[in-house]
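Annotated features in TrEMBL:
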DOMAIN    25-67  domain 'DUF6533'
TRANSMEM  20-40  transmembrane segment
TRANSMEM  61-80  transmembrane segment
TRANSMEM  92-114  transmembrane segment
TRANSMEM  166-191  transmembrane segment
TRANSMEM  212-230  transmembrane segment
Amino acid sequence: MTSITSTPTFSLEYLEAMRSVQYQLVAGISFLVWDIILTFQGESEYIWRMRHCVFKWFYFYFRYFLLAVQIFHLAISPGLSSGRTPDSLCIIWYRYIVLIAQVSISMIDTILAIRVYALFNRNRKTGVFLGSLILLESGLAVTHMVKCPAVEYLETCFLLRPQNDLANTHTILVMTVQSILMGMFIFKQVVGVRLGWGRTPLLSLLVKDATSNYLAVFLLCGTTLAFLGFDDQRAIAVFYWSTPLFSAVVSNPI
């Protein structure tokens, strides 16, 4: 990384990647504000009047907290991309990236797991199995955060190249957990169709919501793996546009 006391100079590749991230941040904020305006009437009628429960707080997290996060990213991007950021702050920044990403993923997993648990008649073994998957995924995220000093920073710490082995393992585990949850939804729907209740509006809606969440997470994880495979510094840029995607895909079904 560029010395704090020297005049920073950046490669053309870095400048292009940085400009792309800036565009993504602005586009993400614009999209989220537009989506909030479109859905605010329904939100005020149903969400605000809903009794306090985990789904209500999850909604506010994905709808408003992630919007604040996206604005925060845009506000601090000039400082983090200046080339004068201390190494210690870069480490904190990477840990923050892993933390926010995993909290969002874990919340998505929890929403789907609660629904799967209900579909399986609140079977205790099913609950323990699903809880173990989420804890395993979160535990690997903690390991990822602890080992972040091994991350390679690219000219500034706003763009960086994650530790490939650990990042790949973490990403694949996220995709695996999502695939298991989606598979359990599909299994229950197939069984329900054979028994005559699999085409009910409620189950169809749950499967539709689960599918949209699954595709969003799979798209992000697949893109991350592709960038990591090509050793592309834009791998970390996936994080910056995951925020508006998660917000739109997850909050609307809630």
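Don't overthink the numbers, they just go from 1 along the chain as shown.
Positions of Cβ are set from backbone N, Cα and C atoms, glycine also.
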Beyond the flanks of the transmembrane segment (92-114) by at least 6 residues, Cβ under 8 Å: 54-55, 58, 61-62, 66, 69, 80, 85, 130-131, 133-134, 137-138, 141, 144-145, 148, 151, 157-158, 160, 162, 174, 177-178, 181-182, 185, 210, 213, 217, 236, 239, 242-243, 246, 250, 254
Mean per-residue pLDDT computed across the domain 'DUF6533' (25-67): 90
